[in-house]
Amino acid sequence: MVEEGANKTVGAPTVGDDQQPKEFVRPPFTPFQDILDAFNYLMWNPEANAIAMPVLILLESIAMKFIQNKVSYTEIDYTAYMEQIWMIQNGERDYSQIKGGTGPLVYPAGHVFIYKIFEWVSDGLENISEAQDLFRYLYVITLMIQFMCFGLLNIPPGYAIFAILSKRLHSVYVLRLFNDCFTTLFMSLAVLVMILCAKYKIRGFLVLIGSSFYSMAVSIKMNALLYLPGVLLTIYLLERCNTFKIVLNLAVMVIWQVIIAIPFWKEYPWEYLQSAFNFSRQFMYKWSVNWQMVDEEVFLDPLFHRSLLISHVIVLVVFLFYKLIPTNMNTPAGLLKIGKANLLHPFTDAVFSAMRVNAEQIAYILLVTNYIGVLFARSLHYQFLSWYHWTLPVLLNWANVPYPLCVLWYLTHEWCWNSYPPNATASTLLHACNTSLLLAVFLRGPANSKSGDNETTHEKAE
């Protein structure tokens, strides 16, 4: 006998007498909640960068063109740059003799290379608008590079938006034409490449490219040297403590400095070094944004300069041992052990570095090192804001404080940079802002990496 139900398809749905098809229920109409959800997504979800960042770049491109067309160009240093270029074009190679309306040439040869191009583009001083166009493009390209860094670091759009809000920064680029903007371009590229190396565990050639970009930044203006401790530590970690590869990166940096300055090295090497890398150069007190709370006599005193340098080194060392260096290396014994391994195995890689250092830690090393240098800078002029403004969205995100406080901090910081002329109130507030943010990043920012048990284990270089 065939059992009842044997012919029924297994798993076929059946509807009993008491079962009815479910009635379709429309989702609730909650437009305000939907708007709030969309706002929260666009502000706080890093995935929304794919939407927000292209829009912000487009808006900035439009804004920069509007500023260029509606706000008058302000002559500060561009004429002096051109006068210096004309002296070089007329055959002068002694850096100590190259001068412009605002004083002697005090920037390395990368600056000369770039402004030779601008002399051709703008026909000297005849077509300043052509130079402004290039600086407008430079601003947008630099912003794109910086947004790429933000994306790799998962910085939410709510913080990334701080990168485009500075009135002073817009002026520095398209209305002033300062060389600081090109240093920022190459420094941003260097940071981007280093972050990529850490995120995707890429070594070798790409690290060399990052080192090259860094050297290019230094060859335009010395402020990039504020990154130097962080760059050296980054190379050390990315190259897995391989002594040979580290030296190779350093050699690439030096080679670029030599190549770009060949016309001046050949005839007046000492004059070039003394002028292009003059660490004792005095700054003008009246343009110092950060030290108006002290007297001019103090500002110019070498003892004040030395105290700033000592303070810079002390804070840097504290960060190195508590936040930057991997935890199993930040003791004398750990440093001695890894140093010995470097000497005994100069062509091999320490395993722990590549396994433990991530993109966020590399960015922390680079950005915080620069920010410490800014805090203790002997002088900050208005154009120097470009040195570190682009890092503020990342630092504010790392500070891990309520967003309204970040907004208040940023508005206060921006007021300091737009207060004209420089004054004691703005200088004091600027130091309060930068010190508080650095402290927050120290206490609440990303932790330093922890190396594994095999901290000095080496493997053959790939």
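Cβ from N, Cα, C; glycine included.
Topology check against Swiss-Prot: Pro302 and Val441 carry distinct topological domain names and occupy opposite sides of the membrane. In terms of DSSP secondary structure, the topological domain 'Lumenal' (198-217) contains 15 helix, 0 strand, 5 coil. Count of Cβ pairs under 8 Å against the transmembrane segment (218-238): among 145-165, 177-197, 244-264, 307-327, the largest is for 177-197.
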